[in-house]
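**Student:** Dropping a structure here in structure tokens format, bear with me for questions.
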Amino acid sequence: MRQEIHPKYTEVTVTCSCGNTFVTRSTVGKKEMNIDICSECHPFYTGKQRIVDTAGRVDKFKKRFGGMKKI
């Protein structure tokens, strides 16, 4: 097996937008990583229904197709 062909696998501190932080291991190459959603705030794990909107896509969709009548 060839040596030194695999990326470095180091500890990374992950910070969610909700404020939750945890340490994991990754090949990302950074010491810190920011994410938008984690298991502490994801609707599937919390049981709360909410729309997870990235960059206003839901609002854009509603603006574009909200006035249409049902078929």
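Glycine is treated like the rest: Cβ placed from N, Cα and C.
From Swiss-Prot, here are the annotated features:
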- C16, C18, C38, C41: Zn(2+) binding site (BINDING)
**Student:** Any same-chain residues 6+ apart from C38 (Zn(2+) binding site) with CB under 8 Å of its CB? Would you list them in sequence order, or say none?
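**Tutor:** V14, C16, C18, N20, F22 - these are the non-local Cβ neighbours of C38 (Zn(2+) binding site), listed in sequence order.
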**Student:** When neighbour density is defined as the number of other C-beta atoms within 10 angstroms of a residue's C-beta, which of the binding-site residues C16, C18 has the lowest density?
**Tutor:** C18
**Student:** Need the DSSP three-state call for C16 (Zn(2+) binding site) to compare against my parser.
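**Tutor:** DSSP call for C16 (Zn(2+) binding site): strand.
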**Student:** Can you count the other CB atoms that lie within 10 A of the CB of C41 (Zn(2+) binding site)?
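**Tutor:** The Cβ of C41 (Zn(2+) binding site) has 17 Cβ neighbours within 10 Å.
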